[in-house]
Amino acid sequence: MANASEPGGGGGGGEAAALGLKLATLSLLLCVSLAGNVLFALLIVRERSLHRAPYYLLLDLCLADGLRALACLPAVMLAARRAAAAAGAPPGALGCKLLAFLAALFCFHAAFLLLGVGVTRYLAIAHHRFYAERLAGWPCAAMLVCAAWALALAAAFPPVLDGGGGGDDEDAPCALEQRPDGAPGALGFLLLLAVVVGATHLVYLRLLFFIHDRRKMRPARLVPAVSHDWTFHGPGATGQAAANWTAGFGRGPTPPALVGIRPAGAGRGARRLLVLEEFKTEKRLCKMFYAVTLLFLLLWGPYVVASYLRVLVRPGAVPQAYLTASVWLTFAQAGINPVVCFLFNRELRDCFRAQFPCCQSPQATQATLPCDLKGIGL
């Protein structure tokens with residue numbers, strides 16, 4: 001998509017067709033992003049079974065994507081129309097800085113929030129007892145959301161104020177306005193974004209190793225268990241007696257292997273063990289969030305590479321077609337998260353069918369159980 005700022009030339013019909021295609025694509029991205037994110041937010045708000053910390057974080061991410069699409073895509077459409085008109089004036093420096101600040105703010109918010117989500121997913125599987133007692137409620141989700149916005153606000157200011165304003169590209173509004181004259185700020189922005197995204201993938205890699213280490217097959221050792229008072233400890237014990245005692249169902253003295261571990265009281269009612277169904281649910285959530293994180297890397301990666309080349313090499317080192325395509329990939333990221341979440345999470349699909357029966361066939365409506373009944377295994 002070439003820049004249409006050259007008034008000369010006889011390709012008026014081709015330029016008009018290119019402008020129409022660009023505006024239609026931007027309009028489609030805007031509608032898909034707003035419809036998907038708003039529908040997803042309504043689903044989480046209306047469905048009581050989704051009132052949990054992971055879905056609160058996902059709700060904040062989708063609302064931020066919807067706000068980014070609403071703030072940025074109309075500005076890009078207006079800039080494209082101005083660039084197509086011979087007398088169109090480019091947006092002012094203040095407007096470019098404001099749009100660049102919003103783009104950096106939403107980009108960093110998504111990166112920091114996905115890092116926090118990755119840490120909570122690791123704790124939910126590797127340290128489920130601590131996660132269930134301290135991090136499973138809405139206060140933890142609220143703290144993570146506030147921390148993500150605060151860190152994004154702090155990280156978005158320097159590169160925008162250090163970088164140059166304006167620009168002659170119609171895709172520049174709401175692209176991250178990094179110019180070579182602000183190379184220190186732009187390079188710091190890029191390095192910080194790369195560190196945050198890399199740390200997020202390292203957390204998921206550590207989680208993958210944790211799950212894999214606990215799925216390895218080990219040879220059975222036929223060693224008899226030791227028991228003096230029906231506690232069954234020792235190398236040959238299966239662990240079920242110890243698990244029952246830890247969960248609060250034990251009788252008699254503390255087994256020698258569990259000295260120092262406090263059992264769950266009968267009146268506390270807290271579930272301390274990660275049962276198989278909960279483990280599968282946590283794994284599905286991990287897969288969904290990692291898919292969102294991977295798409296964030298794939299869609300923002302080309303633009304980050306182009307920004308590195310423009311800062312470290314020279315402004316003309318990146319072809320205009322590649323730069324335009326990379327910017328449009330970042331636009332697509334604002335509307336793809338709800339689609340990925342529905343594809344990777346069966347619980348969301350079931351709740352969607354229960355809350356919006358008009359979006360499915362009558363046969364599927366009769367065969368669909370309410371989402372809360374499926375959640376308890378009925």
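Backbone N, Cα and C atoms are what each Cβ position is placed from, and that goes for glycine too.
Quick look at what TrEMBL annotates:
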type	residues	note
TRANSMEM	23-45	transmembrane segment
DOMAIN	36-341	domain 'G-protein coupled receptors family 1 profile'
TRANSMEM	57-78	transmembrane segment
TRANSMEM	98-123	transmembrane segment
TRANSMEM	135-157	transmembrane segment
TRANSMEM	186-211	transmembrane segment
TRANSMEM	288-309	transmembrane segment
TRANSMEM	321-344	transmembrane segment
Can you find at least 3 Cβ pairs under 8 Å between the transmembrane segment (186-211) and the transmembrane segment (98-123), where each pair is 6 or more residues apart in sequence?
yes
Most Cβ pairs under 8 Å with the transmembrane segment (98-123), selected from 23-45, 135-157, 321-344:
135-157
Grab the same-chain neighbours of the transmembrane segment (321-344) for me: Cβ-Cβ under 8 Å, and only residues 6 or more beyond its ends, written as numbers and ranges.
1, 25-26, 29, 32-34, 36-37, 39-40, 58, 61-62, 65-66, 68-69, 72-73, 76, 103, 107, 169, 171, 175, 284, 287-288, 291-292, 295-296, 299-300, 302-303, 305-306, 352
Cβ under 8 Å to the transmembrane segment (135-157), counting only same-chain residues 6 or more beyond its ends: which ones?
51-53, 56-57, 60, 101, 104-109, 111-113, 116-117, 120, 123-124, 189, 192
